[in-house]
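Worksheet: the structure to be examined is printed underneath.
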Amino acid sequence: MPVLSRMISIPLRIGEIAFAAVVAGIIGSYMDRNSSSDNWPHARFIYTIVVAAISMLLGVIWLIPFSRGFFTWAVDIFLSLCWFAAFGLLVQFTRGSCDARAFDWNGITRGGTCNRWRAVQAFAFLSAVFWLTSAIVGIWFTRRERRKVAVDAPYVEVPTGL
């Protein structure tokens, strides 16, 4: 694995782990506080926590040297799509209660419930983008390696008149 590809991949994986941890922490805290209530949308939060847990697990495993090549780009694309779906579910959840647009993240550091949900949306979106970028780097590396093998392979003439 070339140095440039590894230098790009490691910060992306660290970001993926960090973003998933933030999303899981905020949603887990909300679920813990509201566990006694029966009238809250369980499924979207459970889905997002599961996506975050899988992201953290794969991010940590794929940070270990020699644990994978760049051939996991299909999983990166799948997780990116899962994160985009989680982002959409979170936007739909806050649309009625916070009366805000999806990308209106002003005042995110002031605290409060709506600002916390905006932070979750922001980190879910960033996680989706980082997973998609990891997939693009993986595809780039894989295609580059295939071309290099094809160019370096010896030329063999096949007899045609048999």
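Any Cβ shown, glycine's included, is placed from N, Cα and C.
Just so it is clear, the model here is predicted, and its values are computed rather than measured.
Summarising the annotation, TrEMBL assigns domain 'MARVEL' to 9-137.
TrEMBL lists 12-31 (among others) with the feature transmembrane segment.
Cβ atoms under 8 Å from those of the transmembrane segment (43-64) belong to residues 10, 13-14, 16-17, 19-21, 23-24, 27-28, 30-31, 72, 75, 79, 82-83, 85-86, 89-90, 92-93, 124, 127, 131 of the same chain, restricted to positions at least 6 beyond its ends. Annotated transmembrane segment per TrEMBL: 43-64 (among others), in sequence order.
The feature transmembrane segment is assigned by TrEMBL to 71-93 (among others).
Marked as transmembrane segment by TrEMBL: 119-141 (among others).
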Going along the chain, which residues at least six beyond the ends of the transmembrane segment (119-141) come within the CB cut-off of under 8 Å?
1-2, 5, 8-9, 12-13, 15-16, 19-20, 22-23, 26-27, 48, 52, 55, 70-74, 76-77, 79-81, 83-84, 86-87, 90-91, 94, 102, 105, 108
